[in-house]
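Annotated in Swiss-Prot:
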{"type": "COMPBIAS", "residues": "38-55", "note": "compositional bias 'Low complexity'"}
{"type": "REPEAT", "residues": "225-258", "note": "repeat 'TPR 3'"}
{"type": "REPEAT", "residues": "267-301", "note": "repeat 'TPR 4'"}
{"type": "REPEAT", "residues": "307-340", "note": "repeat 'TPR 5'"}
{"type": "REPEAT", "residues": "349-382", "note": "repeat 'TPR 6'"}
{"type": "REPEAT", "residues": "474-507", "note": "repeat 'TPR 9'"}
{"type": "REPEAT", "residues": "516-549", "note": "repeat 'TPR 10'"}
Amino acid sequence: MPAMPGLVSVKTPSDTPPLRVAVPDTQPLSNPPRTPMKKTPSSTPSRSKPSPNRSTGKKDSPTVSSSTAAVIDVDDPSLDNPDLGPFLLKLARDAIASGEGPNKALDYAIRATKSFERCCAAVAPPIPGGSDGGPVLDLAMSLHVLAAIYCSLGRFDEAVPPLERAIQVPDPTRGPDHSLAAFSGHMQLGDTLSMLGQIDRSIACYEEGLKIQIQTLGDTDPRVGETCRYLAEAYVQAMQFNKAEELCKKTLEIHRAHSEPASLEEAADRRLMAIICEAKGDYENALEHLVLASMAMIASGQESEVASIDVSIGNIYMSLCRFDEAVFSYQKALTVFKASKGETHPTVASVFVRLAELYHRTGKLRESKSYCENALRIYNKPVPGTTVEEIAGGLTEISAIYESVDEPEEALKLLQKSMKLLEDKPGQQSAIAGLEARMGVMYYTVGRYEDARNAFESAVTKLRAAGEKSAFFGVVLNQMGLACVQLFKIDEAGELFEEARGILEQERGPCDQDTLGVYSNLAATYDAMGRIEDAIEILEQVLKLREEKLGTANPDFEDEKKRLAELLKEAGRSRNYKAKSLQNLIDPNARPPKKESSAKKWPSLGFKF
């Protein structure tokens with residue numbers, strides 16, 4: 001992988017349904033909820049504050065927080081009435097259904113939750129447990145409703161504490177109603193954490209929900225299959241494809257046992273399996289799953305779905321360099337989309353982007369640019385119903401094509417437009433961080449190192465806030481370190497390389513090319529800082545890895561060997577150590593600076609060699 005790699009994403013269907021936050025009924029559901037094929041963030045919610053306590057008789061005020069309302073409710077004696085909680089919960093649902101707004105619903109839900117807590121406290125034994133369910137399950141449902149309203153307001157951080165409380169309330173050992181409440185709470189908490197970009201915590205919640213569901217229903221129930229697929233999709237988003245594949249296989253087995261041959265459920269499973277196989281580079285198996293899914297959709301008369309699968313088949317053919325077959329698949333899908341959705345629909349634009357990429361790869365740059373322009377015309381004047389995620393995704397893919405044809409300024413404009421579309425959308429911080437990282441790469445390649453560092457820094461800040469510890473985060477840290485090197489911020493670069501090393505060693509291992517690249521950069525930085533022994537230690541480690549595990553055929557081996565020999569020689573006469581240009585340490589082929597400029601620049605930055 002190059003020193004400054006771009007970002008890689010898994011191709012998913014462009015017409016997947018958005019995730020909607022629904023307020024649960026007051027009665028527990030008899031079955032776990034069925035989930036969509038793919039989760040996407042919901043539309044932008046209102047960010048207004050909740051209304052104050054209704055018992056005061058005051059008008060709504062956007063300045064009163066939910067915590068204030070909760071404090072007011074604590075001493076209200078009417079909350080001890082066991083009939084008040086269900087009544088307030090009904091008012092909350094009615095407020096949303098009637099269009100009064102989520103602020104009134106939030107006020108009712110907070111008071112309902114307080115009432116249920118009072119009633120539960122009066123029941124022995126205390127929570128968790130309690131009689132046969134009653135107030136305990138009502139409290140759990142009220143907390144679910146409260147969290148859902150917070151989510152509808154876009155206040156996802158405030159939705160987490162009620163859900164964390166909700167999963168502690170029911171006792172799954174007390175029967176299916178408690179199990180369902182616990183399952184629903186874990187799944188809702190997982191969705192909320194996902195919207196906050198906390199993917200690892202989200203997956204942990206889904207896993208716990210699946211465990212509870214299996215204990216209650218058995219491991220072959222069709223509803224367990226739906227949850228397995230939901231969790232597999234989350235693993236795909238986290239780029240943990242082996243775990244995703246294992247769960248998807250289990251889902252496929254369950255659906256094949258309970259459904260007719262070539263069912264729609266099986267087709268959905270195979271489409272997900274194709275995404276996983278494609279991401280792992282197993283294109284032949286991906287193609288097989290897509291063909292079987294297409295046959296099932298054809299048998300069910302799902303013309304638009306067949307066209308979506310044709311696009312995925314085209315993607316596989318392009319990966320296999322079977323370009324004529326890819327063009328045929330794309331054109332077939334394009335004909336269906338134009339006829340069924342209209343010539344200005346975003347799905348049409350998405351096929352234009354695929355064709356643009358294909359013609360770029362085959363060297364037909366004029367045709368590629370023409371398809372890019374056709375797609376941009378659609379994205380610039382979107383039809384009603386087009387989501388900003390669809391537009392941002394399309395612009396991002398087009399920017400990659402412009403970047404590859406050496407038009408970085410146009411590519412940057414498209415990425416900036418994508419960021420602007422997503423910046424106010426909940427749950428998009430990780431996606432924005434990815435865009436900023438790509439912008440940093442482009443700024444770096446055109447020599448705008450200060451802009452590159454700022455872009456990487458913004459991306460790193462967002463990824464840290466989301467608790468990111470993936471290999472991608474390590475790569476971004478390495479890229480930011482390289483930008484700091486170009487700005488002569490040596491200490492900062494060293495810290496970034498050290499952090500990147502720790503993450504990549506954990507996620508990829510010491511023999512991965514990205515990890516080896518960080519080792520090399522860190523050794524060069526230590527050399528520039530005068531930490532010769534540290535630089536020698538790292539280079540000796542790299543050479544040992546190459547000699548014992550990776551082989552010495554790599555062209556970097558000889559360069560690293562020469563660098564180590566020089567460092568060992570210099571370590572023997574450290575008093576006469578000659579300061580080097582950091583640019584030469586990172587890039588041995590770089591031209592040395594003039595003596596007079598070097599003599600002025602290094603002392604002013606305080607470097608000690």
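The backbone N, Cα and C atoms fix where each Cβ goes, and this holds for glycine too.
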- Average pLDDT across the repeat 'TPR 5' (307-340)? 96
- Message: With CB pairs under 8 Å as the measure, which of the listed stretches 349-382, 474-507, 516-549 comes out on top against the repeat 'TPR 5' (307-340)?
- Response: 349-382
- Query: What is the three-state DSSP composition of the repeat 'TPR 5' (307-340), stated as helix, strand and coil residue counts?
  - Reply: 31 helix, 0 strand, 3 coil
